[in-house]
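Database features, via TrEMBL:
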- Y129, Q193, N222: NAD(+) binding site (BINDING)
- S245, Q267, H270, H337, D370, E424, H429: substrate binding site (BINDING)
- Q267, H270, D370, H429: Zn(2+) binding site (BINDING)
- E336: active site, proton acceptor (ACT_SITE)
- H337: active site, proton acceptor (ACT_SITE)
Amino acid sequence: MLVRTDLRGRTLTTAQLRAAMPRGGSDPSAVMDKVAALVQDIHKHGASAALSYGEKFDGIRPTSVRVPAAVIDAALDSTDDAVKDALNEAIRRIRMVHAAQRPDRHTVTVVPGGTVTEKWIPVGRVGLYVPGGKAVYPSSVVMNVVPAQEAGVQSLVVASPPQTDNDGWPHPTILAACALLGVEEVWAVGGAQAVALLAYGGVDTDDATVLEPVDLVTGPGNVFVTAAKRLVRGVVGIDAEAGPSEIAVLADQTANPTFVAADMVSQAEHDPLAASVLITDSEELADAVDMYIDTEAGKDVTAERINTALAGPQSGIILVDDMEQGLQVVNAYAAEHLEIHTADAATLADRVQSAGAIFVGSYSPVPLGDYAAGSNHVLPTCGSARYNAGLSTYTFLKPVHLIDYNEEALLGIADAIQTLASEEVLPAHGTSLEVRKQAAAARQQP
Ligand SMILES: NC(=O)c1ccc[n+]([C@@H]2O[C@H](COP(=O)([O-])OP(=O)(O)OC[C@H]3O[C@@H](n4cnc5c(N)ncnc54)[C@H](O)[C@@H]3O)[C@@H](O)[C@H]2O)c1
Ligand SMILES: N[C@H](CO)Cc1c[nH]c[nH+]1
Ligand SMILES: [Zn+2]
């Protein structure tokens, strides 16, 4: 049975609401000291230190960080046709959505002769993290690579943990997904050590192959990956923090309890720290969801993770008076994934302010988005959807302004600029305008 929190009849401030939410130990600050020491070590000792941490945590040391091309080709050859077809269909849909995100360059004519153009420049080199600890994630290869490609990134590297049953190389289906997408640079390194190596770079085991550092690290991962991303932010760019999975379901008495419960269990199976939360005004639904979870959940190989995640302080059922209070809870919680199973799901979905992705109605379950809706599954966790969005083509683009004024347009605003510069006591700024004014005046002299 999930822990219940009864908010009915209570009016809470935002801070009180947040405090009342079930949230667990997926906060990276809990492992920050340990991960900081690891990141420092890799900054100092590079690839050999990263491989040593891999040996410790993943149980194997590959012969090199960079995966040889022949290993990637062999992985594609040995991949089942059904898996290749499924990956190709997912790639097709995800590419459609992310290609449509590419923003246009646009120019604003501020005054005659004075324009500001916004141009989108792709990040130069990116490091895409693909998890491979408790489960392996070929789908995350697609979710990282496709938006980077659609943004026009020229240089990208995928990093994923070494696997004991693949000679220390990343999982073969991860390599196959890279091959299908035309990715040639793959590193066999995982966890916090992967993030640190991507940020600082190094030299491979042959003492010759340079592992060039990247400009931006993206991708999901466990709490160690998330902590490392927080630590290297500034040395490199990072995307939103996409840590252990979360699902919140907002549901009323019209919801199908089996659908709701199955979707909650689906995210619990990622990690013992994963969170599954039901927000409902129907005790009957809450009881039925509990019943399903008690009798049906956790019969598969992932049972232990599911049971731990559902029993943890991060999971539970929140009872609310009605959908208005439900929406307040939803916005305060800011789930990575929000499913809405109510009579008016689309209307409520439009009113949600904070969620990584919103799944509308009974036939848009989170696993659809995990693999093949076309949307991205790398989404902000731990409440960061209040201020961050999921991975997208925009993540890999920088909007840069081109400022182009002619003399007349500049002189038309010169006095205002000089006034402001003088107000800020920055006289050299004013001089930049003054010399141009004087040059113009000199030309007017007979
Ligand atoms: N939010 C999202 O968008 C999203 C998407 C997909 C997956 N996820 C999450 O990604 C996570 C994947 O986790 P995972 O563990 O399966 O794979 P992972 O690749 O993130 O982590 C595995 C690595 O963790 C390191 N590690 C393991 N134990 C350690 C320890 N005690 N100390 C230091 N490092 C250690 C190892 O080096 C290993 O390579 C899950 O939590 C899943 O829910 C999130
Ligand atoms: N639900 C995960 C994001 O939290 C993504 C995923 C990949 N594979 C299955 N699920
Ligand atoms: Zn999932």
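Cβ coordinates are placed from backbone N, Cα and C, and glycine is handled just like the others.
Positions of TrEMBL features highlighted on the structure.
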residue : record                       : CB count, 10 Å
Y129    : NAD(+) binding site          : 32
Q193    : NAD(+) binding site          : 29
N222    : NAD(+) binding site          : 21
S245    : substrate binding site       : 26
H270    : substrate binding site       : 24
E336    : active site, proton acceptor : 30
H337    : substrate binding site       : 28
D370    : substrate binding site       : 20
E424    : substrate binding site       : 10
H429    : substrate binding site       : 15
In Å, how long is the longest CA to CA span across Y129, Q193, N222, which the record gives as the NAD(+) binders?
12
Need one number for the substrate-binding residues S245, Q267, H270, H337, D370, E424, H429: the maximum pairwise CA distance in Å, whole number please.
56
Using Cα coordinates, what distance in whole Å links E424 (substrate binding site) and E336 (active site, proton acceptor)?
44
For S245 (substrate binding site): DSSP state (helix, strand, coil)
coil
List the residues of the same chain that sit at least 6 positions away from Q267 (substrate binding site) in sequence and have their Cβ under 8 Å from its Cβ, in sequence order, or write 'none'.
S245, E246, I247, A274, A275, S276, H337, V366
Of the binding-site residues S245, H270, D370, which ones put their CB under 6 Å from ligand 1?
S245, H270
Cβ under 6 Å from an atom of ligand 2: which of these binding-site residues qualify? The list is Q193, N222, S245.
S245
Whole-number Å value for how far N222 (NAD(+) binding site) lies from H270 (substrate binding site) (Cα to Cα):
10
Rounded to the nearest Å - Cα separation of N222 (NAD(+) binding site) and D370 (substrate binding site):
16
